[in-house]
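Chemist: Take a look at what TrEMBL says about it:
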BINDING   CYS107, HIS109, GLU143, HIS168, HIS368  Mn(2+) binding site
DOMAIN    187-282  domain 'Peptidase M20 dimerisation'
Amino acid sequence: MSLIDELTKKLEAKQDRLIEVRRYLHAHPELSFQEEQTAAYLKDFYKNVPVDSIETDFGGNRGVVVNIKGGKPGPRLALRADFDALPIQEETNLPFASQNKGVMHACGHDGHTAYMLILAETLAEMKDQLNGSVRIIHQPAEEMPPGGAKSMVEAGVLNDVDAVLGIHVMSAMETGKVYYRSGQTQTGRAKFSLKIQGKGGHGAMPHTANDAIVAASAFVMNVQTIVSRRIDPFDSAVVTIGSFDGKGQFNIIKDAVELEGDVRTLSSESRTQVEEEVRKITKGIEAMYGVEAQLDYVNDYPVLVNDEDVTLKVKEAIEQANIPEINAVLETGPIAPSEDFAYYLQEKPGTFIYVGAKPEGKEGFPHHHPKFEIDERSLLISAKAMAAAVASYLG
Ligand SMILES: [Zn+2]
Ligand SMILES: [Zn+2]
């Protein structure tokens, strides 16, 4: 029997346990950078699994890294699954809904962790048949900048690794379909805050003041032209002002206003360009309105760029594995949210693929929604798809 056939057969036999693990994790979610119990659960899971080494608190956070050495030398693959949850009160009414008030696995990271545990266990059991090695990266804190990935990469989690692979389950994509994309795939993100300090005064005598509300409003309107007038129409970017704190009273000229903005870009060029433009507009507002503007602009997750060769290899491996639960492997367009898997891809070639997880016969709620759900069939599909990728490298 070929490696992939044996792997998928073994995974199939573990489907009930896979779902059980996912439900346990779902009921016990923890916020980014606070995943103490989850990290302990992971460590405990591997107690009786024949892995070669396990490192905890990797990268100074709660990362758990597991090494599985194959019987013969060969490529060294890293597989990553994130395990943090979000500050959301769950409203799904599922029997295994969150037991932690105000915290919910509303992005599917419980599913990522569950399939990865079962896959890692299976690979460890069959390690004599692997030509090469697998490093399992259980990563905390994907949801909150600076993210868990960055410090793990800095601590050398990808040293001696040839390629890195990851999966995200997607509630908007039909269960049974797997999506891939090479090149620029998920946006890079920046956020900024701007404090505009003007000069307060009497509402009836604006000429004696420098109105911070008018200056801030001009800033808001001007940043709208970055995307429409400055970004190449074949590139794409988003600039959103999500907060404008200008509360005051009708007859008082506001002396200071604070703004917060969110920036998404799909190329490193537009990432740099948007920042430059925001800085330019800030200076312009100061000159025009006689205010002081203090800009704090922070780039966090980079643009996620999938390697072309790895993506093609993984796509073909999944197609050729003839996995009955997968009815199509399709190319996706770019995906708007940012993802800290991008840090791994800055370091090593790899690919991040998407597994359809839309619940059957139900309204699919978006990720980060209190009613977010995944179709649990996506867990076995994820495990099998990743197994196919592993087998194509280490078979
Ligand atoms: Zn998320
Ligand atoms: Zn996520």
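Every residue, even glycine, has its Cβ placed from backbone N, Cα and C.
Have a look at these and tell me how they're positioned relative to everything else.
Modeler: With a 10 A radius on its CB, CYS107 (Mn(2+) binding site) counts 26 other CB atoms from all the protein chains. Look at CYS107 (Mn(2+) binding site): DSSP puts it in coil.
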Chemist: Just to be sure I understand the contacts, which binding-site residues have a Cβ under 6 angstroms from any atom of ligand 1? Candidates are HIS109, GLU143, HIS168.
Modeler: GLU143
Chemist: To which of the binding-site residues HIS109, HIS168, HIS368 does the lowest count of other Cβ atoms within 10 Å belong?
Modeler: HIS368
Chemist: Within 10 Å of the Cβ of GLU143 (Mn(2+) binding site), how many other Cβ atoms can be counted across all chains shown?
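Modeler: Other Cβ atoms found within 10 Å: 21.
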